[in-house]
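**Q** First, the structure itself, so that you have it in front of you.
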Amino acid sequence: MRQFLALAAAASIAVADSCHTFTLANSPPDDKAVALSSYSYCGGYLSASAFVKNLSYDKLVTLYWTNADNKSTPLNAGSLDYVKAASDDQSWELWSLNVTTVPDGVDALLNITYVAASIGKTNSQQLNVQVEATGDPIPTPQIPTIYKPYASPSDFSDDITNWLKPSNDSQTGIAKSFLFNNINIPGAAPGTVIAAQSYSEPDYAYTWVRDASLVMDVVNRLYSSAKSEEKRQLYEKILFQYAKAGAQEQNDPTAISGMGEPKFYLNNTAFTGSWGRPQNDGPATRAITLIEFANAYLANGGSQDTVREQLYDSDKYPQVAPIKKDLQFVASNWSSPSFDLWEEEESAHFYTRLVQRKALLLGADFANDMGDHELSDKLKTQASKLSDTLPEFWDSARQLILYEYGPVLRGKYSYKDISVVLGVMHGYANDNVFSYTNDQILATAYQVSTSFLDVYKVANTTSDESGKPLGIPVGRYPEDVYDGVGTSQGNPWYLTTMAMAEFLYRSVQEFEDAGSIIISDTSLPFWKYFASSVDHKAGAKYNKNDQSFKTSLKSLTGWGDAFMRRAKYHTPSSGHMSEEFNRTTGEPRGAKDLTWSYASLLSAAFAREELRNQKNYLTNVADL
């Protein structure tokens, strides 16, 4: 962490010569373990240094301030980075930060806090220092950046239809085969999903709670649609094995973070090395998948007693039935900070909140069906409380849903992360709360996806060999430094690029179901980029029979296919999909045969063919 933050600080804009540094202390204090030494506020950048007593190796030093409106929010804080020793005996260290404060601004420094994690001590210094700006003027934020689209695709394309056809030799068939190759691999505990059969550089030979649930969601959709009795029984067996494996994980005494433990060995015992834990999205996504499986199982004529004994009732059947315990955990822990789905930072995350909300809402109905009315009421109450926190993530100044509601972490100054889009895909509860057509979601999808245009050189290749448009290569977030093996420069990911395709397909479906489109100031940049063939104006409304309605949705569909074509363009003819493709060359990078990549392709294909009204598509894939 220190090394990364140092790199981030070095990459920040240096304090200009015209900036003035205000000194508060020239030497370490005698009566405190932390003290602010100096600060400078210039050109929208806040720089500060502090003396920190060397009480432990694991340290977290945070400076808090109020914004330009003299309000303190979770955004108005910054983590300091180790610079050097500040005393000959190494008992004191000098730490610093250099962060942009645009668009929020700074009014006053409130306090600096030092957590010596390994010894459990917290130290702080109250400041209440009125900040004086010097040097260059604070820039006026231009948010969001308006990009001119490089293409105007429209409607479905035959090449993508052929690539995704329901046959064993298509990419859909290949993806399905490779996905199942990573479930119950030889020697692994039944019900486990290996993230990738990559055992070094990188070592992904583990089962992750979240990833496994997303893969099993695809398996459940196949189960729900299969006509082949042989295939249906196979999927059913795997899903019951998965449920039992989840219960075993819940009860593993070696799990350091208990129910929030994210990662297990293939024998289904907890990984106990250093890791980003807890990850509280996992119990939520597992509950969602298993509730949806339980409902599908009952719809197929399954026994409610079997559902209660092998899926739901964790109190009576703790070794095999995980749903109730997952729901109880989500209800009691949703407000606690946890690590994000990228396993990098601890905060309050939009993705985690949205999947937790869906779990609570689905769980409330399911618990009621199981006769567990007291738990059902509790889940409804907690879902309502969680829902009240979601508006906090919308930043009107940035015109963006923040991926996390907290200070800048790991140098992610843009606050842009594709996890917001993934949150809608995995956590939308079909109740118009942050739906696919929500203006704030559309604005965020536009900002996040276009943010990679200036990051990846491969984005300069905008068409394939036949001249068909390629969608934007999408990574996790623009400041990413994980390169698939180590840290250098981040790359586009297959699953995030295809997630944008699925997002657009599902947006079109939702607009068609609604029968109208209303353009707002917030959503206007989205429409101007992804439906540029219509001269959109804020305040315009298109009804289902209007040509602008039809043209706009055909444009979104065309961009959906363009994003799929981007993934296709960087996929070798063998159909093998890695985690990433190189930001410069476009060659596959990182873990080979990433299970989540195949799940993402299948999920996008299901959304596309549903939009095309291909009612037998999912059944045909399930029966392959």
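Placement of Cβ uses the backbone N, Cα and C atoms for every residue, glycine included.
Pasting the feature list from Swiss-Prot:
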ACT_SITE  Asp340  active site, proton acceptor
ACT_SITE  Glu343  active site, proton donor
DOMAIN    26-132  domain 'CBM21'
CARBOHYD  Asn54  N-linked glycosylation site
CARBOHYD  Asn70  N-linked glycosylation site
CARBOHYD  Asn98  N-linked glycosylation site
CARBOHYD  Asn111  N-linked glycosylation site
CARBOHYD  Asn168  N-linked glycosylation site
CARBOHYD  Asn267  N-linked glycosylation site
CARBOHYD  Asn333  N-linked glycosylation site
CARBOHYD  Asn460  N-linked glycosylation site
CARBOHYD  Asn582  N-linked glycosylation site
**Q** Including all protein chains displayed, how many Cβ atoms other than that of Asn98 (N-linked glycosylation site) lie within 10 Å of its Cβ?
**A** 21
**Q** Please give me the CB contact count at 10 A for Glu343 (active site, proton donor), counting all chains in the structure.
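**A** I count 15 other Cβ atoms within 10 Å of it.
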**Q** How would DSSP class Asn333 (N-linked glycosylation site) in three states?
**A** helix
**Q** What average pLDDT does the predicted model assign to the domain 'CBM21' (26-132)?
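**A** Result for the domain 'CBM21' (26-132): average pLDDT 95.
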**Q** Using a 10 Å cut-off, grab the number of neighbouring Cβ atoms around the Cβ of Asn333 (N-linked glycosylation site), all chains included.
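**A** Summing over all protein chains shown, Asn333 (N-linked glycosylation site) has 18 other Cβ atoms within 10 Å.
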**Q** Going by DSSP, is Asn98 (N-linked glycosylation site) sitting in a helix, a strand, or coil?
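**A** Its secondary structure by DSSP: strand.
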**Q** Could you check which of the recorded positions Asn98, Asn168, Asn267, Glu343, Asn460 is the closest Cα neighbour of Asn111 (N-linked glycosylation site)?
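**A** Looking at Cα distances from Asn111 (N-linked glycosylation site), the smallest one goes to Asn98.
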**Q** Report the DSSP secondary-structure composition of the domain 'CBM21' (26-132) as helix, strand and coil residue counts.
**A** 3 helix, 62 strand, 42 coil
**Q** Let me check the 10 A CB neighbour count of Asn460 (N-linked glycosylation site). How many other CB atoms are there?
**A** 9
**Q** Which one is it: of the glycosylation sites Asn54, Asn267, Asn333, whose Cα lies the shortest distance from the Cα of Asp340 (active site, proton acceptor)?
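**A** Nearest in space to Asp340 (active site, proton acceptor), counting only the glycosylation sites, is Asn333.
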**Q** Going by C-alpha positions, which of the glycosylation sites (Asn54, Asn460, Asn582) is nearest Asn98 (N-linked glycosylation site)?
**A** Asn54
**Q** For Asn54 (N-linked glycosylation site), what is the tally of other C-beta atoms lying within 10 angstroms of its C-beta?
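**A** That number is 17.
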**Q** Do me a favour and check the Cα-Cα span between the residue listed as 'active site, proton donor' and Asn267 (N-linked glycosylation site); whole Å is fine.
**A** 22
